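Reading through the structure tokens given below for one structure.
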């Protein structure tokens, strides 16, 4: 027999897991050198290696799935499980930061004045830019759903437009949040308030950037006719990730911006 | 939940009993002598608001309460600062000296985190 008699995908040997592991080493040691010894060399090498690995690895996945047809229904099922489990792991990642926030804010210590926000901290007004940010992400959730339905119904123009709107809203959120970071009267080193605020919102912002990047890749693929109305798991994975990012923001907004003020 | 007289009240009739953690009825006021008896040998009696080994909150709240009381007594007419003596004795006994001096300095400079 010269062909496989099952529907699974036996992936060809690939160097990207190794280069990825190497980039992880460069990134971690690079962070240490950057934090403690004011040197960005290792970190830059690590970022470069990481970016190249991601680009080539996922380019290969697209080649295997879209061009070579290896993503049968059962393979796609495995990819779905994978994305779901990854998102679950990210939920636990954020759970840690929320735990830290609630631990510190529910029983504020005496050195903070026994109150939250601590004495001397003026929090951002939750009804100003943070509320706008909430509406931006909620709207992007709507537009991405519109994009998905358009895709499933074969409405190409609608899909392109809706996906573009989603990306623009994501970028708008990032710009707004970056400007808010300049506006705060407190910084990350301003006690436990600063730490919990910037760790939680900072990692969230990073995930918005990651999600937006994922969506941009989807737009490029869509413009190149990679997706069909029935088979577009890459887009679905991006949409799940985007909804996750939105939900995390809602928890952040309610906990840190609103209750925490 | 701070023990002690309510902020701004005249406090001349009821007096907080630190031992049982409840208000004494009016007419049974604890005098300075009783305070001295109760905290003879610098032993602060058990306060059921703070049942655990960590006395941080006990120290902090009594420090705050003394200064709240002192402020209320000095700003209101007919206020008597000696009514605040209990809190002072408690915090002076419980709190680390370095904390008290840091807090006193903080209050002088406007850098004290608590609200007085």
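Heads up, the Cβ atoms here are built off N, Cα and C, so glycines get one too.
The domain 'Heme-copper oxidase subunit III family profile' feature in TrEMBL is assigned to A:4-261.
The feature transmembrane segment is assigned by TrEMBL to A:16-35 (among others).
Feature annotation from TrEMBL assigns transmembrane segment to A:41-58 (among others).
The transmembrane segment annotation in TrEMBL covers A:79-102 (among others).
Sequence-remote contacts of a segment are chain residues at least 6 beyond its ends whose Cβ falls under 8 Å from one of its Cβ atoms, and for the transmembrane segment (A:129-147) they are 158-159, 162-163, 165-166, 169-170, 172-173, 176-177, 179-180, 183, 215, 235, 239, 242-243, 245-246, 249-250, 253, 257. The transmembrane segment feature in TrEMBL is assigned to A:129-147 (among others).
Sequence-distant neighbours of the transmembrane segment (A:159-177) (same chain, 6+ residues past either end, Cβ-Cβ under 8 Å): 129, 132-133, 136-137, 139-140, 143-144, 146-147, 150-151, 201, 205, 208-209, 211-212, 215-216, 218-219, 222-223, 242. Feature annotation from TrEMBL assigns transmembrane segment to A:159-177 (among others).
The transmembrane segment annotation in TrEMBL covers A:197-220 (among others).
Taken from TrEMBL, the feature transmembrane segment covers A:240-260 (among others).
Within the chain carrying the transmembrane segment (A:41-58), a Cβ under 8 angstroms from the stretch's Cβ atoms is held by residues 14, 16-17, 19-20, 22-31, 33-34, 217, all 6 or more beyond its ends.
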